[in-house]
Amino acid sequence: MGQHEADGQSKADVVAPRVDPRNGNVRPLASGSAGAYTIDVDNFSKRLKEFYTHWKKRKPDLWGDSDAIAIATPPPSEDIRYLKSSALQFWLFGYEFPETIMVFMNKKIHLLCSPKKAAVLESVRRSAKEAVDVEVIIHVKQKNDDVTALMDSLILAVQSQSESEKPIVGRIAKEEPEGKLMESWAEKLAGSNLQLSDITNGFSELFAIKDTSELNCVRKAAYLTATVMKNFVVPKLEQSIDEEKKVSHSSLMEETEKAIQDPAKLKVKLKADNVDICYPPIFQSGGKFDLRPSASSNDDDLYYESTSVIICAIGARYSSYCSNIARTFLIDANPTQSKAYEVLLKAQNAAINTLKPDNVLSSAYKAAVAVVEKEAPELLPNLTKTAGTGIGLEFRESGLILNTKNDRTVKAGMVFNVSLGFHNLQSSTKNPKTENFSVLLADTVIAMNDKSPEVLTSLCSKAVKDVAYSFNEDEDEQPKVKSKPTIAETVLSKASLRSDKQEISKEELRRQHQAELARQKNEETARRLAGGGSNTGDARGPVKPSSEMVAYKNINDIPYNRELMIQVDQKNEAVLLPIHGSMVPFHVSSVKSVTSNQDNRTCTVRIIFNVPGTPFTPHDTNSLKHQGAIYLKEVTFRSKDPRHSSEVVQLIKTLRRQVASRESERAERATLVTQEKLQLAGNRMKPVRLQDLWIRPAFPGRGRKLPGTLEAHINGFRYSTSRPDERVDIMYGNIKHAFFQPAEREMITLLHFRLHNHIMVGNKKTLDIQFYVEVMDVVQTLGGGRRSALDPDEIEEEQRERDRKNKINLEFQNFVSKVHDYWGQPQFRDLDLEFDQPLRELGFHGVPYKASAFIVPSSSCLVELIETPPLVITLSEIEIVNLERVGLGQKSFDMAIVFKDFSKDVFRIDSIPSTSLDGVKEWLDTTDIKYYESRLNLNWRPILKTITDDPEKFIEDGGWEFLNLEGSDSETDESVESDQGYEPSPMEEESESEDEDNNSESLVESEDDAEEDSDEDSEEDKGKTWEELEREASRADRERGDESDSEEERKRRKAKALGKSRLPERGSAKGVPLKMPKLR
């Protein structure tokens, strides 16, 4: 019986750091002796000293002028609860000791506990004496003993150590006594002559700032929380919605709870014994929402119909330190729901950004309120009353609440649960399950020194694009301005049996949006030009002086040779020429060209030198220093030894090529921006690898090319082959755009990086770097016969190729996903790094350089990554796009891209099929890029020069509206209306069309053409022009009814005349302007 009682006592004596799902603090281990628990005495000493120092320093204002501090802990419970008494024990000892009384005095610490706890606490006696010079006295309470006498001794000890007749004892007033021990202790304190004061604020301040070990625990807890949300909760919801499963909120809660308690399944390397939940996971949908952490998940099924909202909140603990995250997911959201979420996201980010040292805590909530008042003041009454609280050993540190009244200052090391939401919002739907909705966001944040707050749960994105889902298939019910149809869909829509009214509606919507874009673009351009934002000039900069080339520093260094003959000194990079009986050295870089001609018995060697001041060799610093110097321009030698002559010429050419290549590489490197040094991943972080990749541009050299490995390290990528000199480092901070393009119809799967600053690949300077793998081998069948599609070998070979392609695409996808997860860390937030994937369905064919290619838009760029050189155009850098050669009868058109930096040349994509016109216009419109249309190609250099020379005139004349042909059409229509009833004769119609054609061509003609025209105009009174003669001849032909022209020729001529007519009913069906206004 005695042994059984002793075992029962040991079960509740000491509680390890592991947390129980139903007990907010701890769970006792099954059994074991006191030797199983070891207190970290160094940590205890440090924190006990911190406790006593804080108590003495802030005794009047935070610790209630207490002479002693009495803390009692209740017995274990099945309920989740957070107590400051338990938090103090864990903070000091690393364990919780239920049913224990601790009394802290100036020179003594009294502990009343069971024998098992006493055995564990013995180890702190010496540490307490060394740290704060206090004596630890342990009062052992046997199981069936009456503890009244022990309590009396504690009260007597407090009275004896105090000089006051009524000593003040500090206690945590909000913690109600539980169990016989705490109830007896509360009665003893109340019946004594001791004064009682509340010291809750003292402990709140003590626990507020976390040390390094505490922050590490919070980080681990937050990483687990965010990983569970991203890799378990989100995929679970997506699967349920995709498969239309019926799953209840409570079942989702149970599955998520199990996922938190088993981190290994999510590949999180944390011990399961140290991990537990902060509260049961919360899942809410179907119009019933409660934004409090104490909310529960009901048994209703998850509701995910159109315009529904789903709220998920989970919290995990590691070594009793808490973390929290909450996300809202929108299903086919309507404008009201989308706006509410976007405003909430801005408000929460504003609150997070204020959590910097020396700021007042109330500024966080005030910043959120300011955003709501500016963006959507009607939502302010529905905003939660706080922006969150502090978090740590307690889930809710009430002393760090983020409301308008808290005037405490933020300090580095504080941890916050920034939680903000809108509750009980009304949506204009008739469905009771979607009419009422709420939105909630919560993140765990650390206040940092000298930098922005660290959001620990940023691994799980809260961006609109990542939480808004669209499953609605009835998209044709209402036309949307910013829909993104594919080019294939747009082309098919022409052939489908739609009414003209629908087509006109779509075109009208696009035209209205483009008109608004034109107004915004002109205002933006006016501001930029007025502020001098456009850098003009040829952007070439001054000519860089070449370094002074010296062959020999001393005359004694010149090699001696008895024979007067041309010599090449490769070591000193010099050419020795016999001139007037002396060997004169010339550095090889001064040689411009060398040639040899062989006659019958003689050979002539001709050497031409670089002479400063000539058109192709401008003056540099060296030539300007010696302006009076005389330069040798050319020298010719005649030799009777053709073999020696040809050998010398070859040596000079080879040496000159080597030196030129070296100096060119040196000059290229001199212009490079200095990059940071790559920090290699150590043992803790295993680098993510992608093997057997080829690189473009390739490393130089004539040897066999080798594949390499791409590794993701701490601050950049490294690509290397087995050769030690073939290595490239790409810093994350230097990446402007990153693309991942899996092989679909192409032969390669690739990763492409567009950089901010050039880097060197071997001796080549590049701004684009690409890593790729060929997914299938290009094999040419030697036999002329064609294999049957039903050939088993052919089928098997195709299957192998498909498997290889899918395997390679999957390897690249895994690499990209892991890098994405790493880029989600706070230190990379400002870089805005993300792998963009080109959207093939929006692609079109065109000629960006010399060959036709398939050009594909992405979310931020227009790219073509298969052919070389690659094409990467950043959409945010585009000023306007002009679609040229657009008109009836044209099989293709051109795209001229004008950049915001007018010093850049306009980029042209030629020969785009006309079938892609509607798709291209729709894509440009949805990406908010203003486009214009013209029938002719414009000469953009003089246009941009006119703009930059006189920007004020450009702004006064309406900005880019000179490209808007619809305005000129309206003027033309007015003139036609004024002349109603007049029908031109055939002769006048043809004349008019020709005159208009001449006017259109005047936009693109050169200045020389204009001068020739003026000369012709000055002589027009001297005789009939060719046009007049041609018209007279055509009139004569018509009068005599000449039938010499074929029927096809007459039809062609008639169509041409009608196409050039100014009558509105003969214009283009698409409203393409008929006359181009001249640029003023």
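Along the chain as shown, the residues are counted starting at 1.
Just so it is clear, glycine is given a Cβ too, placed from its N, Cα and C backbone atoms.
Looking at 488-516, 517-545, the range annotated in TrEMBL as region 'Disordered' turns out to be 517-545. Within the listed segments 1-27, 460-486, 622-648, TrEMBL records region 'Disordered' for the stretch 1-27. Restricting the average to the domain 'FACT complex subunit SPT16 middle' (566-719) gives a pLDDT of 81. Residue counts of the compositional bias 'Basic and acidic residues' (517-527) by helix, strand and coil are 11 helix, 0 strand, 0 coil (DSSP-based). Here the domain 'Histone chaperone RTT106/FACT complex subunit SPT16-like middle' (844-934) is broken down by DSSP into helix, strand and coil counts: 16 helix, 42 strand, 33 coil.
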